[in-house]
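J.: Here's a structure for you.
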Amino acid sequence: MESVIVAIDGPSGTGKSSTSRAVAAELGLSYLDTGAQYRAITWWMLTNGIDVDDPGAVAAVCGKPAIESGTDPLAPAISVDGADAAGPIRTREVTSKVSAVSAVPEVRARITGLQRAIAAAAEKGIVVEGRDIGTTVLPAADVKIFLTASPEARAARRSGELKGREAADLASTREALIRRDAADSGRKTSPLAKADDAVEVDTTELTLQQVIECVVALVEEKRAGR
Ligand SMILES: Nc1ncnc2c1ncn2[C@@H]1O[C@H](COP(=O)(O)OP(=O)(O)OP(=O)(O)O)[C@@H](O)[C@H]1O
Ligand SMILES: Nc1ccn([C@H]2C[C@H](O)[C@@H](COP(=O)(O)O)O2)c(=O)n1
């Protein structure tokens with residue numbers, strides 16, 4: 001079977017990671033979580049005392065950390081300078097600072113280079129999820145999907161996830177994700193955006209399984225038409 005590149009973009013909490021992992025596992029493809037890479041570089045900045053609100057300071061050191069991403073959809077992995085970073089990159093502090101760090105053009109250039117190299121090395125193909133995959137990172141992707149969902153549905157999904165670990169307040173979760181989407185859509189360099197040739201899937205009223213089936217069908221349709 002020919003290699004296939006699938007780009008899945010969309011705002012936070014729309015189901016990109018869950019859908020991408022399941023689609024990649026079902027189709028025997030590699031998987032790349034690009035948000036995890038931006039989180040990893042943000043975590044490195046914070047642990048090394050870099051002022052993440054100073055774009056010049058961030059740009060000056062963004063080439064330093066060695067960021068490595070695993071591409072097995074059944075065991076996603078990310079390390080920074082050889083240390084497992086899967087846990088630390090999901091803290092509230094990293095989430096609140098990742099938009100500022102990922103808006104710095106030098107950071108984007110570095111991480112985009114890593115992403116393209118990983119995609120090029122994926123022999124059977126890859127599902128890459130993020131915010132600018134279809135528009136900037138892999139504009140020639142075979143299949144482009146843009147997932148959306150109402151802020152209410154996305155906040156409910158996130159609050160459900162956080163219950164028991166951190167206080168799950170629906171209104172503040174909703175505000176936080178709207179704020180992050182606004183920052184990610186408003187930055188100058190490769191903002192969160194739907195590619196003109198992406199298929200938009202509104203997941204508000206769909207189960208995760210229905211979204212997975214929809215994306216698998218789109219990939220199979222593309223392969224059949226080649
Ligand atoms: N269609 C759906 N229906 C209900 N819950 C869903 C659906 N899709 C995803 N979820 C759940 O919503 C939560 C967020 O999903 P996921 O992490 O895949 O979103 P995301 O778009 O990757 O978010 P982020 O960009 O913030 O990382 C998860 O708990 C996931 O199980
Ligand atoms: N292609 C990408 C992927 C992610 N980002 C930034 C913007 C997000 O708020 C942040 C974290 O992503 P998440 O883990 O929530 O998917 O990373 C980006 O700018 N470009």
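One-based numbering along the chain as shown.
Just so it is clear, glycine is given a Cβ too, placed from its N, Cα and C backbone atoms.
Sharing the features that TrEMBL gives for it:
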DOMAIN    6-220  domain 'Cytidylate kinase'
BINDING   Gly10, Pro11, Ser12, Gly13, Thr14, Gly15, Lys16, Ser17, Ser18  ATP binding site
J.: When the Cβ positions of the binding-site residues Gly10, Ser12, Thr14, Ser18 are compared with the atoms of ligand 2, which fall under 6 Å?
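T.: Among Gly10, Ser12, Thr14, Ser18, near ligand 2: Ser12.
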J.: Within 8 Å of the Cβ centroid of the ATP site residues Gly10, Pro11, Ser12, Gly13, Thr14, Gly15, Lys16, Ser17, Ser18, which other residues of the same chain have their Cβ?
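T.: Residues close to the ATP site, other than Gly10, Pro11, Ser12, Gly13, Thr14, Gly15, Lys16, Ser17, Ser18: Thr19, Glu129, Leu147, Ala149, Arg154.
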J.: Let me spell it out: for each of the binding-site residues (Ser12, Thr14, Ser18), count the other Cβ atoms within 10 Å of that residue's Cβ, using every protein chain shown. Which one has the most?
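T.: Ranked by Cβ atoms within 10 Å, first place goes to Thr14.
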J.: Under 8 Å Cβ-Cβ from Lys16 (ATP binding site), six or more apart in the same chain: what's there?
T.: Ile8, Asp9, Gly10, Gly35, Glu129, Gly130, Leu147
J.: For Ser18 (ATP binding site), name the DSSP secondary structure in the helix/strand/coil scheme.
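T.: Looking at the DSSP assignment, Ser18 (ATP binding site) belongs to a helix.
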J.: Mind giving me a neighbour count for Gly10 (ATP binding site)? Other Cβ atoms within 10 Å of its Cβ, every protein chain shown.
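T.: There are 25 of them.
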